[in-house]
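J.: First, the structure itself, so that you have it in front of you.
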Amino acid sequence: MNVLVINCGSSSLKFQLINAESEKVLAKGICERIGIDGSLTYQAADGEKIKTAKAMPTHTEAIQYVIDALTDTKTGVVKSLDEIGAVGHRLVHGGEKFASSVIITEEVKKAVEECNDLAPLHNPANLIGVNACEELMPGTTMVAVFDTAFHQTMPEKAYMYGLPYEYYEKYKVRRYGFHGTSHSFVSKRAAEIVGKPYDATKTIVCHLGNGASVCAVLNGKSVDTSMGMTPLEGLVMGTRSGDIDPAILEFLAKKENKDIEGLMKVLNKESGVQGVSGLSSDFRDLTNAAAEGNNRAQIALEVFSYRVAKYVGSYAAAMNGVDNIVFTAGIGENDDKVRAEVCSYLGYLGIEINEEANNTRGKEIELSTPDSKVRVFVIPTNEELAIARETLALVK
Ligand code: ADP
């Protein structure tokens, strides 16, 4: 069965058409600047990448262009919509309502809407994508795959904040975690590689992309993760601050004469390695600048890796040990220096890294030596494939 995977944001929509049995990507692309002017970038497997300007006042036009491209007689990969068996949608926040993927019904959409408060930028946009697909592909099964679902197994002690309990009762203020699809995908793969049952392994996943989080996966279940009620908590990221002393907000509000919106913009968009370096959120730029002697770029890189190492250490404590550590996502898959720096803090766990293995990019590889007490891997994440698998499992 072919599954159309949709990741819909407020002004962009990424898609992949995947044959769920062979797991081959038949075509992929992105619609950008929806509601502004609009463009479609489309690439069939083995075909050229084609970018065309298209008027996209709403997401419905965007999806229509995607369908047109997929069924086009020249560049298309299917003859008609009948060859698309289901659509898998990435939804960001499922709150406490969704601990796994579900087939989308009117009730499911209502329940997702009730989580809008928790992800005001993402959930409404995700739902617009669902509605547009329903309009243009009536009768096709739609599945929701949530970023938060994998972490619903976290115990209370990991998800409760040290805040008055009534905020949890009234508003569901608690830790949820994100990147669940990725953490689940790569931790499963790690168990496969080491040849142990998934439900008998202790794995720590470092998903290090522009947004970044660490997850403790104990016996196949997420027991803790570094992002919280929102993706702002935890690691120092591309432009997000991660953990800070909350009292800094009051201090800066007074000093800089900023309101809460202004401060949230600073924490989300102007902080992280971008804020510390004053240069870039991209690790390639930072590594180059640091090599040329840029001190703040160097500090930003050190702050980033140190925070990752601290989370890995705390999750080894939380699970009373660790069998596998996995690096994934843009930085985790590509940046050998960050990986080496993080591992340099973990000698006490008996970790030994093979430098030559670490000197590779973007492919699955074991970094640890045969003597290492913990096995360390790079495993490329593939959230679209994970969504296609979840979708197939529900539709079958
Ligand atoms: P997201 O999905 O959160 O936008 P990605 O997982 O795509 O993020 O990661 C993007 C980041 O990966 C970039 O900002 C960059 O810092 C880093 N990155 C990508 N390629 C490389 C590379 N070759 N070397 C170092 N860092 C890289």
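Just so it is clear, glycine is given a Cβ too, placed from its N, Cα and C backbone atoms.
Per TrEMBL, the features are:
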type     : residues                                                                          : note
ACT_SITE : D147                                                                              : active site, proton donor/acceptor
BINDING  : N7, E383                                                                          : Mg(2+) binding site
BINDING  : K14, H207, L208, G209, N210, G211, D282, F283, R284, G330, I331, G332, E333, N334 : ATP binding site
BINDING  : R90                                                                               : substrate binding site
SITE     : H179                                                                              : site 'Transition state stabilizer'
SITE     : R240                                                                              : site 'Transition state stabilizer'
J.: Only counting partners 6 or more residues apart, tell me which same-chain residues put their Cβ under 8 Å from the Cβ of R240 (site 'Transition state stabilizer').
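T.: R240 (site 'Transition state stabilizer') has long-range Cβ partners G211, P231, L232, L267, N268, S271, G272.
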J.: At 10 angstroms around each C-beta, which of the recorded positions D147, D282, E333, E383 has the fewest other C-beta atoms nearby?
T.: D282
J.: Could you list, ordered by sequence, which of these recorded positions: N7, R90, D147, H179, D282, R284, have a Cβ under 6 Å from ligand 1?
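T.: D282, R284, by Cβ distance under 6 Å.
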J.: Tell me the Cβ neighbour count for H179 (site 'Transition state stabilizer'), meaning other Cβ atoms within 10 Å of its Cβ, over all protein chains shown.
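T.: For H179 (site 'Transition state stabilizer'), the 10 Å Cβ neighbour count is 29.
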J.: Between R284 (ATP binding site) and R90 (substrate binding site), how many Å separate their Cα atoms?
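T.: Roughly 28 Å, rounded to the nearest whole number.
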J.: Taking the Cβ of R90 (substrate binding site) as the centre, how many other Cβ atoms fall within a 10 Å radius?
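T.: Taking every protein chain into account, the count is 22.
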J.: Where the record says K14, H207, L208, G209, N210, G211, D282, F283, R284, G330, I331, G332, E333, N334 bind ATP, what is the longest distance in Å from one Cα to another among those residues?
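T.: The widest Cα-Cα gap among those binding residues is 24 Å.
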J.: Rounded to the nearest Å, what's the C-alpha distance separating D147 (active site, proton donor/acceptor) and L208 (ATP binding site)? Just drop the number here, would you?
T.: 15
J.: Given the binding-site residues N210, I331, E333, E383, which one's Cα is the least distant from that of H179 (site 'Transition state stabilizer')?
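T.: In terms of Cα distance, H179 (site 'Transition state stabilizer') lies closest to E383.
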J.: From the Cα of R90 (substrate binding site) across to the Cα of E383 (Mg(2+) binding site), what is the distance in angstrom?
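T.: E383 (Mg(2+) binding site) and R90 (substrate binding site) have their Cα atoms 9 Å apart.
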J.: Using C-alpha atoms only, work out the spacing between I331 (ATP binding site) and the residue listed as 'substrate binding site' and round it to an integer in Å.
T.: 22
J.: Say we define neighbours as other CB atoms within 10 Å of the CB. Which of the binding-site residues N7, N210 has the fewest?
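T.: Across N7, N210, these binding-site residues, the one with fewest Cβ atoms within 10 Å is N210.
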J.: Which one of these binding-site residues, K14, R284, has the sparsest Cβ neighbourhood, judged by other Cβ atoms within 10 angstroms?
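T.: Checked K14, R284; of these binding-site residues, fewest Cβ neighbours within 10 Å: R284.
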J.: Going by DSSP, is E383 (Mg(2+) binding site) part of a helix, a strand, or coil?
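T.: In the DSSP reduction, E383 (Mg(2+) binding site) maps to helix.
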J.: Please name which of the binding-site residues listed here, N7, K14, N210, D282, E333, is nearest in space to R90 (substrate binding site), Cα against Cα.
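T.: Nearest candidate: N7.
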